[in-house]
Amino acid sequence: MSTVPIHKDHNEISVEEFATLKQKVLEARDLSYSPYSKFRVGCTLITESGQYVSGANIENASYGACICAERTAISKALLEGNRKFKVIAISSDSKEPISPCGICRQFIREFGPNVPIYMFGADGSFIKVFLQDLLPLSFGPENLGVNPQDA
């Protein structure tokens, strides 16, 4: 049984932002390149400035070169000059909402240690968790003597 607090609200964003986020994250699955696993994952985040940035998982025949949807979306946002995020959402074709993998949790931690994560099922149902609940006692820039604001 999970001890992670599960939330069903979207208090961090408006009703309109939530509706747009939901639509975009479910559509982001269509961007997936997953010929091997057939497991499509989409991610959409909202930047601090209100921009929506989407990404999807991209597989590779060597498997180790695959990249998850969350890392694709965050990398895209960073390359567009966005370093702070209001929320991150993920979706897949699974009936149940999916959770970010361990690598993605650490990647999210680098750029959004307090970000809420909305996890959607294929039908649009969702739950919300906070990164600190998924990755307690995490390692970040401050552990290396770097102020996260200066990184």
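Quick reminder: no glycine exception, Cβ is built from N, Cα and C everywhere.
TrEMBL annotations:
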DOMAIN    16-142  domain 'CMP/dCMP-type deaminase'
BINDING   ASN57, ILE58, GLU59, ASN60, ALA61, SER62, TYR63  substrate binding site
BINDING   CYS68, CYS101, CYS104  Zn(2+) binding site
ACT_SITE  GLU70  active site, proton donor
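In sequence order, ALA69, GLU70, ARG71, PRO100, GLY102, ILE103, ARG105, PHE107 are the residues of the same chain, not among CYS68, CYS101, CYS104, whose CB sits within 8 A of the CB centroid for the Zn(2+) site.
The binding-site residues near GLU70 (active site, proton donor), taking a 10 angstroms Cα-Cα threshold over the set ASN57, ILE58, GLU59, ASN60, CYS101, CYS104, are ASN57, CYS101, CYS104. The subset of binding-site residues (CYS68, CYS101, CYS104) lying with their Cα within 10 Å of the Cα of ILE58 (substrate binding site) consists of CYS68, given in sequence order. Note: the Cα of ASN60 (substrate binding site) and the Cα of CYS68 (Zn(2+) binding site) are spaced 11 Å from each other. Confidence across the domain 'CMP/dCMP-type deaminase' (16-142), taken as the mean pLDDT and rounded to a whole number, stands at 96. Ranked by how many other Cβ atoms sit within 10 Å of their Cβ, the recorded positions GLU59, GLU70 place GLU59 at the bottom.
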